[in-house]
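Here's the structure, in structure tokens; my notes come after.
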Amino acid sequence: MKQILAKVNTRVGFFVFLIALFWLKTIYAYFADFALGTEGTLQFLLLFINPIATTILIFGLAFYFKPAKLFYPAILLLDIIDTVLLYLNVIYFREFTDFMTVSTMTGYSKVDQGLSGASLALTMPHDVFYWLDIIIVIFLLLFRVIKIDKQSLSNRFAFAVFSIGALFLTFNITLADMDRPQLLTRAFDRNYLVKYLGLDVFTAYDAFQTHQSNELRSQANKAEIYNVKAFTDAHYAEPNPNMFGTLKGKNVVVIHLESFQQFLINKKINGKEVTPFLNQIYNSNHTYAFDNFFHQVGQGKTSDAENMLETSTYGLPQGSLFAQLGSDNTFQGAPAILGQDGYSSAVFHGNVASFWNRNNTYKNLGYQYFFDASYYDTTGDKATGYGLKDKLLFKESIKYLQHLQQPFYAKYITVTNHFPYQLDDQDIKDNKIKAPDTDDSAVNNYFVTAHYLDQSIKEFYDYLDKTGLAKNTVVVLYGDHYGLSNSENPTLAPLLGKSESKWNNFDNAQLQRVPFMINSPSINNGYVDHTYGGEIDVLPTLMHLLGINSQKYIQFGTDLFSAKHDQVVAFRNKDWVSPEYTSVDGTIYDSKTGKVIHPDKKLKKKLQEIQEKVNTELSLSDTLNQQNLLQFYHPDGFQKVDPTKFNYSNGLSHEKRTENQLGDKSKSLFDTNGKKDTTKLYKTDAPEVNEPRSDTSRIQIQNPDSNQEK
Ligand code: GP9
Ligand code: MN
């Protein structure tokens, strides 16, 4: 011990000591928090050595600070910065099963209000290990257990340390390249980069990539649009003549079921249906429901789902398209297309408008109204971390919905069924679902908040029926993405009748199914459709039902009802599923049996073709969005969106002004109902409405502008 201490009393010794501590906690993170899927001796070896090179390079910078007063604070500061990076990734991984990219970090600055709410719930007791070493070292220095070494080292020495670090890094990269050729040059997988080269190299590499993509953006090439259009033209699936225009002129209400997965449908827990009302819709002959429909989101999660539904283009390979490009990209999406067909458009959402940069993106999409958190009372226990509770959102939306001109395209983005799946005591008391008791509280509570969401939709439907609005309306319900992440899935497995120990990547992929239902009283031949599809396919499907051909637009999805519909569903990371095969991380499974397939030559070729199509589709979508190519594309008769026309701050007065201007021609529910207020017809059992209480212990969301209209 004494000997060790004696060594640590020199600068070099202290440097090595800090590196050893940092190495220890990185390895701890690799095993305790990150699921890296390491296989084989070389991968393990790489995992163990990959934190060393970068810590030598980073901590070694401190040697350029000669006076002890500077050297010690400098090296500790570098240690702290590197620890912050490690720790943020630990937190991020718990929610997203992924690492933070530079664009996520920068994009998130716009949306961190919600994320910080969830981050608190994502911390765990063992997190103390990430910080303990630094605290102890500082104490040891303060109490002189570790002595300060006054002897500075030369610049040559500092440079030697740098050289050793660089040499080690080269060695590390060479070894990695032996196991995974072209690791850095090929389109990469974040997980692999961290596994082989460590978090620091990944982050630096990613920063470089982000910079390059910004450059790319500035050199947009107009001609590229023809390649994109050639692809979507060849891919286009003509509408099914039996379906085309069958819902023409109807109001469209899109209900975004937050974090809602398909396995909840028809699921019973402790003998009770989790979502009895959604099950009823799912099984009704007024509904076209899909049971092989997948979410396809990347890191942009909700915003990626929204982007796919509105535009039929993919989210970005990293970060959120809404956050990164939403403020200035040209879109040719649902609100604008329907808008030019006589529809008004609105979004109802209980979170602040800036979350996912919606306030800017919606204007570019052509949304006329955005009723965000500032339009509702979100005080006390009326909101959870991501905004107004669903029952209240639907109820409070009515005063705005009833003044919206028909036909309308209205989107409701729910939030209560969002990780960490919290409700207040009273809401839980009213909840009919007894949570399962696995040892993961997120898994347990997920069923409870899903039940709450189900009830809130039932209340909204009751209102639609009572007011007669249902007759003219088609409701589209869909789950945006997984609620339980891959790390939680094994715990969930027994509840799905599966084995926890045999749970694998194939099972994870299959669990990415989310509901997609098109429901309207005017549909009388509803059924459960087994076609494979995903979020990218919603827009062309919906447009065709409404009698608007999608051919002239650039869309990557295809109509789910078309005979030519493409059943290969691409995930954002280039994995894919089809009715026959499932491809995860390069392994091919039989989609029916889940068995690994070892393809013969012929099949190999076929699979390769599918993979290439998936890659091309994703990369063309990325080119289109990253270079903002739609600015050069002018579909016949489509008017470019002018975002400056929209102002979301006085929605209700704007609606009323429109009603006045239209006079007898106004088709808002309020006017067609003889100017009678319909808000009183809305019934909810939400305890917050009936017996207002206050609760200050929970995360509150703030109203950014005080433009609340009552
Ligand atoms: C917040 C909500 C959540 O406004 O839409 O987004 P998510 O975290 O699911 O991406
Ligand atoms: Mn979401």
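Backbone N, Cα and C atoms are what each Cβ position is placed from, and that goes for glycine too.
Feature annotation from TrEMBL assigns active site to Thr302. Here TrEMBL flags Glu258, Thr302, Asp480, His481 as Mn(2+) binding site. Taken from TrEMBL, the feature substrate binding site covers His418. Residues or ranges marked as compositional bias 'Basic and acidic residues' in TrEMBL: 653-696. Per TrEMBL, the feature compositional bias 'Polar residues' maps to 697-710. The domain 'Sulfatase N-terminal' feature in TrEMBL is assigned to 250-548. Sequence annotations record features per position, and here TrEMBL assigns region 'Disordered' to 649-710. Sequence annotations record features per position, and here TrEMBL assigns transmembrane segment to 12-32, 44-64, 71-93, 128-145, 157-176.
Features as recorded by TrEMBL, highlighted on the structure.
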residue	record	DSSP class
Glu258	Mn(2+) binding site	coil
Thr302	active site	helix
His418	substrate binding site	coil
Asp480	Mn(2+) binding site	coil
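Counting in whole angstrom, Glu258 (Mn(2+) binding site) lies 6 from His418 (substrate binding site) by their C-alpha atoms. Sequence-distant neighbours of the residue listed as 'active site': residues of the same chain at least 6 apart with a C-beta under 8 Å from its C-beta are His256, Glu258, Trp356, Ile413, Asp480, His481. For the Mn(2+) site, the Cβ centre of Glu258, Thr302, Asp480, His481 serves as reference, and the other residues of the chain with Cβ at most 8 Å from it are His256, Leu257, Ser259, Phe260, His295, Val297, Lys301, Ala305, His418, Gly479. For the compositional bias 'Basic and acidic residues' (653-696), same-chain residues at least 6 beyond its ends with a Cβ under 8 Å from one of its own Cβ atoms are 369, 379-382, 389, 391-392, 394-395, 398-407, 424, 426-427, 430, 455-456, 459, 462-463, 466-467, 469, 647, 709. All protein chains included, His481 (Mn(2+) binding site) registers 22 other Cβ atoms within 10 Å of its own Cβ. Counted with DSSP, the compositional bias 'Basic and acidic residues' (653-696) comes out as 24 helix, 0 strand, 20 coil.
Residues 6, 47-48, 51-52, 55-56, 59-60, 62-63, 72, 75-76, 79, 82-83, 86, 89-90, 126, 129-130, 133, 137, 146, 149, 153, 161, 198-199 of the same chain sit 6 or more residues outside the transmembrane segment (12-32) yet have a Cβ under 8 Å from a Cβ within it.
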